[in-house]
Amino acid sequence: MVAKKQKTKKSKNVEEEEVDYAAVADQFADLSDHDSVEEGDDDDDDDENDESASGDSGDSNDENENSGSDDDKEDSEDHDDSEEHDDSEGDEEDDDGEEDNIARKITTNSFAGPEPCSFDMHNLLAINSHQMDTSKMYIKKAGKYNDEEDITIPPESLELAVNEKYLLEKAASGCTQLIAALWQLPIESSDVGPMVSLPIHDGSKIPRQLPPPPPKKETKWEKFAKLRGISLNKEKRSQKVFDEATGEWMYRHGYRKANDDTKEWPIMEVKGNDDPYADPWEKQREEKRSRKDKNMESRMRNEERAGNLVKGTTNKLLKNRDKARMAGKAGGDLDRYNVPPSGVPVDLKPTKGSGDIKSMKRGKASITNALLATQRSTASLGNFDKMLEGEPERKKNHIGAKKRKYEGSTDKAVISTEAERAMKVFKHVVDGGGAQKEKARLKGRLAKGETAYDYEFNDGLGPSTFQKKKGRAAAGKMKKMTKKRIK
Amino acid sequence: MAPTEQQRKASRTKELSGSKKVPNARVQRYLKSTESKLKEDGKNTLLLKGIKASEAMSRVLQELRALQAPRVKLLNKKNQIVPFEDQQSLEFLSTKNDCALFAVASHNKKRPNNLVIGRTFDHQVLDMAELGILRFKSSLRDYGGQVFKKRIGTKPLLMFQGDLWQQYSTIDYPNLQNLLTDFYRGQVVDKILATGIDHMIVFTIAPAQGTVLIHQRTYHIQLKKNPKDLSSKVPVPLLQPCGPDFDFVLRRTMWADSDLAKAARRQPAELRKKKTEKNKNKTTTIFGETMGRLHLEKQNVEKMGGRKNKALRRAEKAAADQESMAVESELDREKEEMGREFQREFGFAEQD
């Protein structure tokens with residue numbers, strides 16, 4: 001077998017306190033046992049098996065007939081071993097004389113042992129609350145356990161070594177009782193094998209990992225249906241429905257559901273009362289949107305009633321949503337319907353006097369500006385234009401506007417300078433500035449770049465704009481305006 | 001750690017209104033599985049290393065992983081966690097990994113071969129016990145090549161031996177028993193395949209060397225026919241030690257206070273043990289009819305009012321009429337008599 005069995009001293013009282021497996025095994029020595037461990041035995045054990053088997057009178061070796069437990073077999077081997085060594089050591093007693101007594105004492109529960117256990121079958125737990133006999137359980141280490149030094153954590157600090165055989169025997173007795181108790185539970189046969197129904201209630205009262213979920217609160221519809229006795233269709237409805245279009249069974253709800261009328265088809269049928277000039281796709285989108293909104297609203301209200309949401313969130317949300325939608329619509333309409341009337345320059349900034357930006361009112365300032373712009377918008381800069389009735393006097397508003405000279409293509413002056421001018425422009429583009437830029441750089445007007453991204457440009461900051469004091473200090477001290485100062 | 005009430009409500013509002021980005025279906029399914037259930041399945045275990053972990057302790061964790069597979073997560077890196085000082089890091093890790101049980105292995109001079117096992121409730125540490133491993137024989141390495149290999153997911157038989165498991169005066173051993181049961185019991189099932197039982201873990205407690213030692217042994221079970229009673233269907237087990245074997249001593253513990261412990265063990269109403277109904281007033285006849293008996297107090301029938309209907313009202317009216325007629329006739333007779341008396345006395349009738 002796998003574990004090396006330790007030889008224990010058998011006291012005279014062993015039969016009274018616990019089952020002497022060795023003695024019991026002797027009874028079954030003639031029953032052959034070929035049902036050893038499935039994984040395969042060690043060579044030693046095989047030899048021992050053969051030895052005992054040879055003593056048999058050729059019994060049938062059916063694997064189904066498990067006539068003796070391997071435990072007994074092992075013990076019988078041990079017994080044989082101990083007997084062999086008995087003569088040399090002279091310590092072991094011969095149990096032969098008492099074996100007949102044991103044989104008569106054996107009952108069906110003898111494997112169970114004299115220490116009954118209590119059980120918690122829900123957890124397959126056996127509790128043996130009898131006192132452990134430390135004299136039997138522990139053996140003083142005397143250098144016998146050299147093989148233990150190789151284990152992962154060797155027992156260096158322990159002075160005593162555990163009597164593994166004693167523990168095994170106790171465990172075996174407990175296990176037998178536990179299995180007997182297990183077999184007393186209701187058994188149902190299934191295709192896998194006999195299934196034992198374990199009790200539902202936990203005898204050990206092991207704590208949960210999470211508190212139990214709060215009971216689900218009924219929705220408004222569920223309450224009403226319950227009151228009126230209307231069935232909820234939860235169990236009646238099948239998950240899949242036959243779809244005529246594709247001719248297969250598709251899911252009732254969700255993505256790619258069966259019999260989906262809400263899809264957008266390129267050609268829409270005009271039914272009965274519908275207006276033939278209405279936009280059916282727009283209508284469909286509106287319907288879908290309204291359904292979504294309604295669904296969301298009712299879900300939120302149900303959750304609010306159940307207490308999962310703060311009271312009043314639904315109303316707040318709906319209000320905000322409507323507001324946002326209205327604003328969005330207005331914004332869109334602005335582009336679609338509120339085109340500024342022709343003649344009003346759109347890029348002229350609305351000033352204080354021009355009223356609200358959105359109002360599209362020009363206001364006095366922008367009107368005067370517009371008028372000025374239009375007045376000089378002729379080839380003659382408005383000099384020879386007829387004055388209209390009520391039109392204000394034209395001030396010298398052509399000062400800022402320069403009239404461009406007409407440059408004919410056959411003009412000598414033009415032809416001679418055209419190439420130069422073109423090249424200048426070209427250079428300006430290619431070289432990025434040309435002579436003008438060089439001049440500015442030399443003069444120090446361009447900012448010097450610290451990084452690769454700071455290329456030379458005139459940022460408008462010069463010595464005149466330099467401010468020594470910044471922030472609040474820049475405003476300066478507020479000095480009292482005395483008469484002297486005013487003067 | 002867990003979101004507050006307010007945070008949860010805000011999050012839920014966002015989910016419902018569509019402003020929160022909902023993860024894909026697979027993630028949603030996983031998150032739903034981590035929510036609290038009415039009837040709980042087995043707990044997952046988180047295996048960690050502490051500040052310093054020796055190779056032996058790593059092997060211990062690997063062994064535990066083999067025992068508890070597939071409901072176990074073994075983390076490889078060392079963590080700056082001292083369980084008895086600060087549980088916040090532990091709680092975070094166990095929440096994120098969805099593991100209610102944990103084991104932290106560490107090794108230092110003061111506490112060699114230290115294993116802290118514990119469990120959480122509601123994302124908070126509930127109980128912790130520090131075990132000092134004095135001897136460990138690994139099933140994966142120390143038992144030789146031909147040892148039984150535990151199949152993944154099988155449920156063990158458990159056994160606690162020794163009278164000290166019931167003692168709780170100095171050290172709370174019943175709580176430790178509870179914790180160890182929780183740690184090793186595996187999946188919680190209603191039915192189990194009787195022939196599928198293949199191993200048993202035995203915890204033996206005994207006083208030794210001045211302290212109390214706990215020995216954990218694991219045995220492989222083979223069910224054999226009862227040799228003495230070949231007709232009985234109840235098998236007899238054959239045990240073989242297969243490891244892992246631990247000898248440990250209990251160092252420190254941190255048990256939950258009684259309120260939290262009670263709250264953690266509180267099962268929902270549907271799962272609580274129902275008292276057997278006493279139907280004293282229900283009887284079933286031989287025909288299969290169920291009869292019930294109502295027991296009422298004595299009723300004062302005379303003073304009770306009854307329902308009125310037309311016939312009763314008519315009868316009442318008739319009775320009342322009769323009475324009034326009788327009274328009238330009485331009065332008439334009296335009057336007449338008085339008239340006669342008057343005439344006798346005065347010689348002429350009263351009316352004149």
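The backbone N, Cα and C atoms fix where each Cβ goes, glycine too.
In TrEMBL, annotation is done automatically, which means it is predicted and not curated.
Quick caveat, the model's predicted, so the values are computed rather than measured.
As annotated in TrEMBL, region 'Disordered' covers the listed stretch B:303-352 rather than the other ranges in B:203-252, B:303-352.
Among the ranges B:1-27, B:28-54, the stretch that TrEMBL annotates as region 'Disordered' is B:1-27.
Listed as Cβ neighbours of the compositional bias 'Basic and acidic residues' (B:330-344) (distance under 8 Å, sequence separation of 6 or more from its ends, same chain) are residues 350.
Per-class residue totals from DSSP over the region 'Disordered' (B:1-27), listed helix then strand then coil: 16 helix, 0 strand, 11 coil.
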